[in-house]
Amino acid sequence: MNNGDSNRETDSTTRSDQSNLRESPTRSPSSEQCSMVATTSRKREWAYGGRGTMASLAKESQENFQYMAEELEKMGNQFFGYVTGQSVKPSSAYISDVIILRDIQLRDQCLDVLREYGRSRRNGLFGFSEEGDHIHVIHDCSYTNRSCRDIWLGQVKPFGTVQKTGKPVKYIWEFKRTDWYDVFIYFFIRKRGERAIYIRGESGKIPSNDECVRWAREFKEREMVSSSDCTDYYECEQQEHKISRRSDAGSTNGRLYEKKTYSAGKFAYIRQKTKALLRKYYVSPISAICDVPEFRDDDLLCDPKNRDYIQAACEDFGKDLNAMSLREIYNLLTEDYNFTDDKELNPYAQFISSMKYDNLEGSLNIVNELLKYQCNDDEDLIVEFLTNLVNVLDRRIPKLNAFLIISPPSGGKNFFFDMIFGLLLSYGQLGQANRHNLFAFQEAPNKRVLLWNEPNYESSLTDTIKMMFGGDPYTVRVKNRMDAHVKRTPVIILTNNTVPFMYELAFSDRIIQYKWNAAPFLKDYELKPHPMTFFLLLSKYNITF
């Protein structure tokens with residue numbers, strides 16, 4: 001953490017300055033000297049404390065050090081509590097990396113990936129600080145075989161390259177508390193972009209912008225910690241003498257960041273083209289866009305080397321849908337087009353899937369007939385059914401996040417809801433949650449809606465299912481990956497049999513239940529209802545969405 005050469009130079013400079021001040025007490029001070037000797041001794045000593053570390057500051061002034069240490073402990077009590085506590089493994093390594101973004105427009109997506117990973121990391125420390133076109137990442141690591149294999153390294157590949165700091169890896173046992181002070185100051189006080197700390201998956205406290213400004217004002221903290229955590233090409237200190245030195249040497253590039261950054265170019269094109277095709281064909285599942293002829297005719301999109309870019313673009317499109325309400329999805333699919341005209345479909349919504357859809361008129365007739373049959377031809381019951389369904393799908397009611405239909409086989413449950421899954425597109429299926437299936441819920445993260453068909457679960461998972469049906473955040477196991485965080489995602493449950501959560505009191509406010517009957521007349525229909533029929537149905541019964 002500490003730069004020994006820098007510290008020695010700073011210490012000698014400091015002693016020289018102190019000697020000069022003591023030997024010339026009667027000299028008329030300049031305005032700069034006045035600013036150094038004004039007010040309290042704490043500020044006076046710090047002003048000429050130079051470009052040191054907390055360890056060197058402790059040697060210069062215990063009073064100054066103690067005051068600053070107290071302030072740091074207040075701002076980063078969770079951080080220091082972990083790195084100096086009993087739960088951290090001394091044999092773990094401290095790793096510091098820099099993500100150099102290919103384009104600044106990719107920054108927010110990269111930060112989302114890092115936040116998601118931080119929340120899913122169930123052990124250790126993970127933190128990042130963003131500075132425009134690059135992002136610093138720190139974490140502790142088992143460092144097996146002297147290498148880091150954390151999965152976030154692969155997750156950020158579509159957004160840029162990861163560079164090491166160039167400094168030898170240090171282990172936790174080598175750090176003193178003053179070293180951790182330097183780390184915290186450098187990454188979470190001096191940096192003013194997006195910052196985050198995660199400790200065992202929980203978000204930790206970081207200094208607010210006001211606290212950072214107060215820190216800088218109180219301690220003149222512009223050059224406190226060395227830039228030793230930066231890469232050789234990616235130094236973050238705005239040091240004018242370095243720029244001028246390069247210019248004096250005849251360099252044609254006077255910029256501080258000498259490493260040439262990549263333009264968005266290739267990835268930007270792939271992302272834009274892939275998302276445009278997804279809007280045009282609206283395939284289900286999203287990954288099936290690779291089977292569309294227009295996609296396969298594009299040499300760049302079909303290049304195996306670009307597989308990671310394609311996957312990132314598909315995930316990004318899915319996340320776009322996850323954040324949309326039903327109204328926003330309706331607007332996406334009906335831009336400048338009245339889809340009630342069944343002679344043609346919106347060119348941005350061709351709904352390619354493995355099944356064949358009926359036309360809009362035929363779809364509306366059969367779906368309406370099914371609802372009348374299941375609701376005993378009672379229009380009020382149909383309105384209630386559709387209203388409750390929209391409330392769940394749009395997350396309108398707190399703690400109400402599940403919609404269940406129980407019926408004998410051939411009741412039309414899947415016939416009806418396939419229409420909705422084709423509309424929302426980004427959906428996941430939950431499996432049978434028992435001791436033989438540890439990854440039953442691995443499709444839950446980053447989805448617009450979840451389907452649980454014929455649910456079955458062990459009692460040990462009751463609390464997790466309560467959180468799922470109540471819209472609370474929870475984590476799930478994912479095969480060959482870290483545990484994943486799941487935000488509120490509506491759950492559709494279709495079953496032929498009674499399940500414990502249908503009658504347990506704890507679930508009564510978390511789930512809406514309907515009982516349907518067998519619908520034998522559906523066997524005469526070979527085609528599935530068109531997804532856009534759902535919006536026609538809502539309009540027919542004046543349901544607000």
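Note that the numbers count up from 1, one per residue, in the order the chain is shown.
Here the Cβ of each residue, glycine as well, is placed from N, Cα and C on the backbone.
Under the heading divalent metal cation binding site, Swiss-Prot lists GLU130, HIS134, HIS136, citing sequence analysis as support. Listed in sequence order, the residues of the same chain lying 6 or more apart from GLU130 (divalent metal cation binding site) and placing their CB within less than 8 Å of its CB are ARG107, LEU111, HIS136, LYS191, GLY193, GLU194, ARG195.
The compositional bias 'Basic and acidic residues' annotation in Swiss-Prot covers 1-14.
The annotation compositional bias 'Polar residues' is assigned in Swiss-Prot to 15-39.
Look at Swiss-Prot and you will find 12-277 tagged as domain 'PV NS1-Nuc'.
Look at Swiss-Prot and you will find 346-545 tagged as domain 'SF3 helicase', backed by sequence analysis.
Among the features that Swiss-Prot reports, region 'Disordered' is placed at 1-39.
In this structure, GLU130 (divalent metal cation binding site) is part of a beta strand by DSSP. Looking just at the domain 'SF3 helicase' (346-545), the mean pLDDT is 91. Surrounding the centroid of the Cβ atoms of GLU130, HIS134, HIS136, where the record places divalent metal cation, the chain contributes additional residues within 8 Å, namely VAL98, ILE99, PHE128, SER129, GLU131, GLY132, ILE135, VAL137, LYS191, GLY193.
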